[in-house]
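Some notes on the structure that comes next.
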Amino acid sequence: MTAPAELSPTLQLACDLIRRPSVTPVDADCQAQMMNRLGAVGFELEPMRIEDVDNFWATHGSQDGPVLCFAGHTDVVPTGPVQQWQHEPFEALIDADGMLCGRGAADMKGSLASMVIASERFVQDYPNHRGKVAFLITSDEEGPAHHGTKAVVERLKARNERLDWCIVGEPSSTTLLGDVVKNGRRGSLGAKLTVRGKQGHVAYPHLARNPIHLAAPALAELAAEHWDEGNAFFPPTSFQISNLNSGTGATNVVPGELTALFNFRFSTESTVEGLQARVSAILDKHELDWSIDWALSGLPFLTEPGELLDAVASSIKGVTGRDTQPSTSGGTSDGRFIATMGTQVVELGPVNATIHQVDERILASDLDLLTEIYYQTLVRLLA
């Protein structure tokens, strides 16, 4: 284990944050540590406690000029069985292989530390930089995400705040730091479908209407449907049934109702309204007695090549020597809320191989490189 005195400022802060057990939506004073450091170099701080969620908004610089925002979350997922970890989940140690171990090392306290240290250095080196450096941090990303970034964005919109560019510190890298940046995400549209039949005895099927039998052809058609072709940035829209429930538990009873949960991960080639209309048409075609509850988790967003993506890619190349690959794969992130402000959004963070797993870990030296990438991006855009 590396002694604390030997650690860089980024690693010292990362370890301090990891040692705080901030299981969602608890912040465990992680944001206080970040705000203390940012405030010390002249950031204006605005804590935003919304329901049971801690958030903060911080800015440095002038209203005139572009705004570059760092976004992220201090909350982490539960550890799972602690006895399965090689080290205590919140111990934050660097092992003999140079790996920083602990819950949140990759997702995403390492990124938070890199953002803070890079921004400290930037505003000290360029005190009269153009535009603004901003932070939007929440403790509600791994949970319901109702009172975190989404709610803060609504407040920022209400007072006409502008965000030109945003770097979300999600662990985007796959094998090597910076090999992948996320320049967009698919939308997520979920639904609970209820199909009604008529309960009865299995020996008298003519007196019952089995909703499983009735719904099966419609569900099969939905699963086989080709929703769109995708495009240069997104794969085709996908449809997946995640849960099917029906029956009383008895083998001699025809159930009276079936429920199905399904989800679309959809590209910019499809719309919410279009997907809903096509689902309705298929269900009606099969003459079902049905109802549906829709839940939109987020719309798709895309940052095409331009100032932000170019600056990030150039910084990665300059620091690591490697070319990055923009990607829109994976699940949703808080970037979907920030993109509604008309903001160019990219996600850049550590290697994601162990996120949410037992023994979450990243190469400790990657965090100093990530700090330099963030710093160089700031210089390219705001110096």
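Just so you know, glycine gets a Cβ as well, placed from its N, Cα and C.
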Q) Given Swiss-Prot annotates Asp107, His356 as Zn(2+) 2-binding, which of Glu88, Glu142, Glu154 belongs to that site as well? A) Glu142
Q) Swiss-Prot records Asp107, Glu170 as Zn(2+) 1-binding residues. Which of His73, His146, His201 is assigned to the same site? A) His73
Q) Ranking the binding-site residues Asp107, Glu142, Glu170 by other Cβ atoms within 10 Å, which is at the bottom? A) Glu142
Q: Taking the Cβ of His356 (Zn(2+) 2 binding site) as the reference point, list residues of the same chain whose Cβ is under 8 angstroms away and which are at least six residues distant in sequence.
A: Val77, Asp107
